[in-house]
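Trainee: Okay, handing you the structure first.
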Amino acid sequence: MTRQSLWDVSDTDVEDGEIRINVGGFKRRLRSHTLLRFPETRLGRLLLCHSREAILELCDDYDDVQREFYFDRNPELFPYVLHFYHTGKLHVMAELCVFSFSQEIEYWGINEFFIDSCCSYSYHGRKVEPEQEKWDEQSDQESTTSSFDEILAFYNDASKFDGQPLGNFRRQLWLALDNPGYSVLSRVFSVLSILVVLGSIITMCLNSLPDFQIPDSQGNPGEDPRFEIVEHFGIAWFTFELVARFAVAPDFLKFFKNALNLIDLMSIVPFYITLVVNLVVESSPTLANLGRVAQVLRLMRIFRILKLARHSTGLRSLGATLKYSYKEVGLLLLYLSVGISIFSVVAYTIEKEENEGLATIPACWWWATVSMTTVGYGDVVPGTTAGKLTASACILAGILVVVLPITLIFNKFSHFYRRQKQLESAMRSCDFGDGMKEVPSVNLRDYYAHKVKSLMASLTNMSRSSPSELSLDDSLH
């Protein structure tokens, strides 16, 4: 194939080596050697075509007589393409849409690499900014959509009690158990639950003190009987909570898909497993090793602290923040991993002969981790001047690395906290019994959907407010 392959399809004299281009009515005559400077572009490949079929694959129409190639493209953008063929550089005017321009040069087979330096920074900045805004907007939209789904599911669950025996009574009991702050009864129940959780955690902590341990027949430390009474009362209360919520749940299958209910279940399962293991060990001494399993399960009591999430807006908001901020959290971990890897190797190279605590790279990982997170236990410290300078750089880098993603995560947290407060306020304001009496001729699902739409409007206005409106004191409640 030669550069004259195109001319073989026409009898017209081509000694001038020119072709005619018509782009949406914008006509120009171009010399072949100008186009062949860039053979990978659409017009450059057009000159190398040796059949009409190949030509029509690259343009929209072709006139054999006039040797005119027609392209159904935007004629206002083609002058920029034409300028590229003459100068080898692309320029982007400020009034142009960068995405339309990007699609246009992609059609002509021109790489963004040819954008001149005077326009490159502005072009790529304008192109990335909407994508970043779209990412943040999509993340907020997903979180807000989940709120709408959550409140709609709440109304749907409440409607399932209609027509059931004692339906209104069960609904009020369900609201009192599952929504702290819904009524006076729910507030009292919530306070009692919090006190029992805190009492159980405090008891577990005090039981680890030697002064409160009573040796058994074999001399092993055992629990104080008074603490066992508190523990058994706590288990009885937690079991009552779980059974009561399950008994009045509108959807039993959905009940076990709720993370808070799974936490309630996991808070009592270790106790009953431990009870069974102890009975088995007592009846069969050969299975004494199972006692270690019981000891491990007893340590799982600390997870009861998660039960407070049912009564704390801040904890639930934290959980939602971690769920929808996985990109920011991943970015934070990536930054820390890179910094730890670099500074641990540097510290190892400098201190391996002078400091036994930094004699291996894994040991330096620990040092770099506590330094970058600004914890600084002080168990391992560099001794040389170069090592101390490295430690200073590691700490400063850690501050910068941690602060940048934390700002994004806090903005997410403030958004979820305000949203959760709004949801709780909406749930507390619901009076299903009175509301249904006021609209006897309206379908219940339509009625609930109408309420959801009103809530959606308020949530949208709330999400547009500034994150700075949230005070640090409020986030702790």
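In case you wondered, yes, glycine gets a Cβ from its N, Cα and C as well.
Quantities reported herein were computed from a predicted structural model and do not represent experimental measurements.
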Trainee: Does the record from Swiss-Prot show Leu48 and Lys388 on the same side of the membrane?
Mentor: no
Trainee: Return yes if the transmembrane segment (260-280) and the transmembrane segment (226-248) have at least 3 CB pairs under 8 Å (sequence gap of 6 or more), otherwise no.
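Mentor: Taking Cβ pairs at least 6 residues apart, the transmembrane segment (226-248) and the transmembrane segment (260-280) are in contact, with 3 or more under 8 Å.
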Trainee: Counting Cβ pairs closer than 8 Å, which of 185-206, 226-248, 389-417 has the most of them with the transmembrane segment (327-348)?
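Mentor: Looking only at 185-206, 226-248, 389-417, the most contacts with the transmembrane segment (327-348) come from 389-417.
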Trainee: Averaged over the topological domain 'Cytoplasmic' (312-326), what pLDDT does the prediction give?
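Mentor: A mean pLDDT of 77 is what the predicted model shows over the topological domain 'Cytoplasmic' (312-326).
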